[in-house]
Amino acid sequence: MKWKHLPLLVMISLLTLSKKHLLLAQLIPDPEDLERGNDNGTPAPTSDNDDNSLGYTGSRLRQEDFPPRIVEHPSDLIVSKGEPATLNCKAEGRPTPTIEWYKGGERVETDKDDPRSHRMLLPSGSLFFLRIVHGRKSRPDEGVYICVARNYLGEAVSHNASLEVAILRDDFRQNPSDVMVAVGEPAVMECQPPRGHPEPTISWKKDGSPLDDKDERITIRGGKLMITYTRKSDAGKYVCVGTNMVGERESKVADVTVLERPSFVKRPSNLAVTVDDSAEFKCEARGDPVPTFGWRKDDGELPKSRYEIRDDHTLKIRKVTAGDMGSYTCVAENMVGKAEASATLTVQEPPHFVVKPRDQVVALGRTVTFQCEATGNPQPAIFWRREGSQNLLFSYQPPQSSSRFSVSQTGDLTVTNVQRSDVGYYICQTLNVAGSIITKAYLEVTDVIADRPPPVIRQGPVNQTVAVDGTLTLSCVATGSPVPTILWRKDGVLVSTQDSRIKQLESGVLQIRYAKLGDTGRYTCTASTPSGEATWSAYIEVQEFGVPVQPPRPTDPNLIPSAPSKPEVTDVSKNTVTLLWQPNLNSGATPTSYIIEAFSHASGSSWQTVAENVKTETFAIKGLKPNAIYLFLVRAANAYGISDPSQISDPVKTQDVPPTTQGVDHKQVQRELGNVVLHLHNPTILSSSSVEVHWTVDQQSQYIQGYKILYRPSGASHGESEWLVFEVRTPTKNSVVIPDLRKGVNYEIKARPFFNEFQGADSEIKFAKTLEERPSAPPRSVTVSKNDGNGTAILVTWQPPPEDTQNGMVQEYKVWCLGNETRYHINKTVDGSTFSVVIPFLVPGIRYSVEVAASTGAGPGVKSEPQFIQLDSHGNPVSPEDQVSLAQQISDVVKQPAFIAGIGAACWIILMVFSIWLYRHRKKRNGLSSTYAGIRKVPSFTFTPTVTYQRGGEAVSSGGRPGLLNISEPATQPWLADTWPNTGNSHNDCSINCCTASNGNSDSNLTTYSRPADCIANYNNQLDNKQTNLMLPESTVYGDVDLSNKINEMKTFNSPNLKDGRFVNPSGQPTPYATTQLIQANLINNMNNGGGDSSEKHWKPPGQQKQEVAPIQYNIMEQNKLNKDYRANDTILPTIPYNHSYDQNTGGSYNSSDRGSSTSGSQGHKKGARTPKAPKQGGMNWADLLPPPPAHPPPHSNSEEYSMSVDESYDQEMPCPVPPARMYLQQDELEEEEAERGPTPPVRGAASSPAAVSYSHQSTATLTPSPQEELQPMLQDCPEDLGHMPHPPDRRRQPVSPPPPPRPISPPHTYGYISGPLVSDMDTDAPEEEEDEADMEVAKMQTRRLLLRGLEQTPASSVGDLESSVTGSMINGWGSASEEDNISSGRSSVSSSDGSFFTDADFAQAVAAAAEYAGLKVARRQMQDAAGRRHFHASQCPRPTSPVSTDSNMSAAVIQKARPTKKQKHQPGHLRREAYTDDLPPPPVPPPAIKSPSVQSKAQLEARPIMGPKLASIEARADRSSDRKGGSYKGREALDGRQVTDLRTSPGDPREAQEQPNEGKARGTKTAKRDLPPAKTHLIPEDILPYCRPTFPTSNNPRDPSSSSSMSSRGSGSRQREQANVGRRNMAEMQVLGGFERGDENNEELEETES
């Protein structure tokens, strides 16, 4: 946009406008654009590539300018005090924006404001500080800054940038302290630097030099310096250094002293002395500092007054006693540690007997054992000898198989297989270094006794309580060999059976009758055999009288467990035997516990209970004697009792003492173990819980049985804990892994050899620290509270985790204070010795969660449970119930980026779905742009415009669409909403019931059509199909017609290229169809180039006798002839169906051309959607409006290719000729109807131009010759030909390919009319109807005069609202043209807002006959033509109503007529037909210029039936019923059933027609139009034109009245009623029907109901 065209004042004012005003200002049109506009001030249209699609261009003020944008944002700065600083900010914009700085919301003063200011605003927009001013009280430069860039288009704000002044205080918050550690121990120094900003970093210096932190032993973490393994070289002076950008600060000096633990130079040795001797232990150690020495006794105190410690640290004990024996430890200790060395003092003591042997009596052959046990120090050796014998038996001697004598390790003498010679004394002697003692015992041998186990009591007595005088029964069942003897004892006294009350049965049961109180006591059953005895006891209580006694409940044997299996021995040791058994689950109850009994001769002669209440099936019996034979049995028990005993186990012998320990010299063992020296290596750390220990033995000994590894935690925190022992019993091993250690703990470890109870000297102590792990428990007692010192700070406190879960040394604690957004997060880290932290600067209103975790060297551990806190605006904590409010939770969720992204994505998806739906909806609307206006609102009708095409070298105006019509395709036609199948070619009935044969076919065969064009199309299609054996669908009835692809075929044309009623393309050739002239041009080019498929066969009748064909058929054939004239090289050009493209050379199909039209008549209805049901009509039927056939057929030329004779076209067995599959409509039809009905109104939105069809809301006229002159000859021809149609033989063609899909056309005489009533006009009153009648009659006369003069007529009446009709503002105007001008009449002056479609008068005269034929009384006026013949002005042929027509703006004059009442009864069908036939005028005479080879005879026309008013009235009622039902499908069927399209028949042979006078009406001549007399003012019923009712052939018998399976239920009653004889209707019937009034319909309804 050029600025020079705008006033300067506007430019200045625009600089101050906001963005919103600028957008409005951009819509100001440019003056040059206004000058280029139309004269009336409308904006000039822009070119296709213009960005402005509104048709005008707006002002673009300073198009190159744009608002500011920050390209470089300032960043945070930390500057030292007094130092210069720069905050960068760069912005771009046009004009160049100005930059200002703000701090804390206030504008920053720079040198531009005050030259003395230390702040400078650089040209780039950066803010430069000459120096940073910062004091204790005044801090002018510190704060948060933003830069703002502005120009007249707006402003841009940068990000926040904080400028902070760096500080570093002098005093350290914590100075490192002196450290004193031992070599090998870790050293830790802690330092907290001075407060500063930014937080200073920490480094260390040693002896004035930076500390080398590359040493892997040295770790600097936070303020801590850790040396893991100190050396002597680590000693020195250490300084902590804190550094930030201000400088550095040094802490106080800390001394690190590395000391040495004590280590022994000479360890004490084990000693063995005799009683009353002295014992000395020497000890010598070194260390730094020099250690101090001490002695202690491990298991007691040093003997008082008998020990001394010499200056050389030697321990001396005088007069040693046996109590002094033990382990003595030398302790060397200094300030960094201590060392210990132990030695054992052994005091030798003379032996003494502990167990002396006793005399034994044993049976011959048995085994006997003498026990002898002695103690002493050292342990005395025991040996046996038989008195009088020198053979000694020692315990350490290996057993000899030939000897029956042996001595156990404990000193017991055992004699097996005793013989009588073994009788005598046996001497036990014990001996050690301190002395010896002797004892003896006598062995007596008796007779042989069976070596059997003692008896076993299977079931013994149970405790009982009985009343006085009650009966007691005590059972005792025992087994043994021999049978055991059972005795009963009471409280240890044998029960006497002399008392008559007491009786012992043979089975051993003891029975006591008449019990007394004295019978109370413990009863014992003893079962005895020579091998031993068994006992079982029970307590019996006798109660006095009056005391309730619970009698013993008899025990069910099934409730007691069964005996377990025989126990098996699984393991045997010196004093332990392990048994295994299984319960008996096959019988008895499940046991809950077990009882184990054992027997051994070494322990006595009876069974002993060794274990009770055993819960498992395996048990280890301990405490057994070594080298003894044992027998075992097991009993099962539960709450109900004890089971029988199991089988006795096999004998098992416990192990003897190992022979290696026999005969050992204790002093020698102790001496050798004391000389063993172990060297322990540094332990290897394997994991956090295991350490591997290695050692070497300097001096091996045969008495090393194993090693004991002793370990314990070390450190002050653990104190002097006890040593833990891990034994290694393999002398050859020199390493072991100690498991189950604590994590991160320092251990001290040592090793010690041992032999039985003897132990050697300890090795040196080694230290090992297990690996650390993260703490496995969170800190305890975490609390969050308000800090008193700061308004927005909180105090977090905690306690360390439990020690066993720390898994190392806690080095620090991490504190997380998390807000609901990351910008509010605050994290803190404190030292491991700190248990609280203050977190400042919390944002009020933000809910924080605080978590604490302890951190070791392995990292942070488990976090504590979140503690929530929220501060209000005053800094006070909010109560917990308020913290987690629903609003806060919702706010937290809404602020989450994921939620925002999800909402955005959902909105985008919804928008895309809606856009797709809207696009598809609009696309369907555009696709339905070929639908007629109001197709979804009111059943209406649209007629076909006049189209010119070439015929025989001259332009001929066709009243129909110049397109192929074919209904022979399957039921997939896009123009049918409820596509019902057509009849197949197997049907013999004629396609249109125009002359119902005498076979009696009634209305059941009636085929309903949506429009007269459908009837005409089907008439010709069926004729062609009869000739070609085309396969047709099954049904004869169609539903709603989908006209979505046909709107472009219904257009009016107004173009200078219209010549003589023909459209002439720029090349001079007439175009058959205005909207498809480009396609026709391509077709012409294609035909000239030999286009088309030469192999495609064309329709050609067989060479048989020709019959004359109706002019309708001739019109189609003539057009086919025209198309064939375009062929080149005899190549046949297939005609194009309306809804299919011919091929790629056709230039596009009619369908594609129509879609592009975007006419406004589509109303956005979907393709294929069923149209709504027709509203009520006042008895009107569109069949009344169907015009007669043309009176002047075109001349015959090459008729064998384009048409067929009557012989070829008609089947002898058919009631009427079959329509051809392809047909064109003829101009003459329009001419003869135009004169009768007035000018043809166009469909809205259609226009024509020489090059293409233009679509707009401007009105165009239709060049249509007035067809009024053509009406009277049809009136004359029709009655003679009706009902007398001959039946020529069947002539069929053989098709090569199926015909293209059908394209319905509107007949020329109906183009542009509205056939359906307005929805708003359905329920009008009778007075309004009378007024409309008067208006219609006045308009008729006026329109008649206009038509005679060939003038334009502008409609003036409003025809309904926009909801249910197409208003005049949305459609084109129309007008008629005089033929003498040969040019288009001017555009109609229809206003875009007048809301009219056509005049009431013109429409009224077109529907007058329809109204009266339907049973309405209409004021009729007769008119006289040039010849003086009287005729009616309205059309006489009935025309069916179309439910899908776009003529939704029917004139109110027609709609609002009241239904006539019936005045007289119906006459019989034949009478009616005769009466009507007699009153018909003679047929017309065709002009000589047009000759038809196939004109039907008058007799043929007479043979055709007509459509009676009964059908019309019935259909009208069906229409009203369907409207009341709200458009239900049933109503729809009723609507479809009554839409009968009657095809007009041909007027007869043209030769006869030429001979008959035309009474001054010469069709196609201008004179005839000028000379028409004024219209008659009244019409008479006799002038109603008869019309044929169409029908389809059915799949049944041609004469089967039920072949129409898809007929409407509304029409079925009428068809059944007339089935007997309605094949043809005579003229008398029509005459009677024409006189119907309102009452006729009522009677008809009664008749229909009765039928």
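Cβ from N, Cα, C; glycine included.
Taken from Swiss-Prot as is:
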COMPBIAS  1281-1293  compositional bias 'Basic and acidic residues'
COMPBIAS  1322-1336  compositional bias 'Acidic residues'
COMPBIAS  1516-1541  compositional bias 'Basic and acidic residues'
COMPBIAS  1549-1573  compositional bias 'Basic and acidic residues'
COMPBIAS  1642-1651  compositional bias 'Acidic residues'
DOMAIN    351-446  domain 'Ig-like C2-type 4'
DOMAIN    563-657  domain 'Fibronectin type-III 1'
CARBOHYD  N160  N-linked glycosylation site
CARBOHYD  N463  N-linked glycosylation site
CARBOHYD  N790  N-linked glycosylation site
CARBOHYD  N820  N-linked glycosylation site
CARBOHYD  N827  N-linked glycosylation site
MOD_RES   S940  phosphoserine
MOD_RES   T948  phosphothreonine
MOD_RES   Y1038  phosphotyrosine
MOD_RES   S1055  phosphoserine
MOD_RES   Y1073  phosphotyrosine
MOD_RES   Y1114  phosphotyrosine
MOD_RES   T1240  phosphothreonine
MOD_RES   S1297  phosphoserine
REGION    31-66  region 'Disordered'
REGION    1086-1107  region 'Disordered'
REGION    1137-1337  region 'Disordered'
REGION    1352-1397  region 'Disordered'
REGION    1420-1651  region 'Disordered'
TOPO_DOM  26-897  topological domain 'Extracellular'
TOPO_DOM  919-1651  topological domain 'Cytoplasmic'
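Positions of the features from Swiss-Prot, shown on the structure.
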residue	record	DSSP class
N160	N-linked glycosylation site	coil
N463	N-linked glycosylation site	coil
N820	N-linked glycosylation site	coil
N827	N-linked glycosylation site	strand
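The predicted model assigns the domain 'Ig-like C2-type 4' (351-446) a mean pLDDT of 86. The Cβ of N160 (N-linked glycosylation site) lies under 8 Å from the Cβ of V144, Y145, I146, each on the same chain and at least six residues away in sequence. Of the glycosylation sites N463, N820, N827, N820 has the largest number of other Cβ atoms within 10 Å of its own Cβ. Residue counts for the domain 'Fibronectin type-III 1' (563-657) under DSSP, split into helix (H, G, I), strand (E, B) and coil, are 0 helix, 46 strand, 49 coil. In this structure, the CA atom of N827 (N-linked glycosylation site) is 14 Å away from the CA atom of N820 (N-linked glycosylation site). Cα of N463 (N-linked glycosylation site) to Cα of N820 (N-linked glycosylation site): a span of 76 Å.
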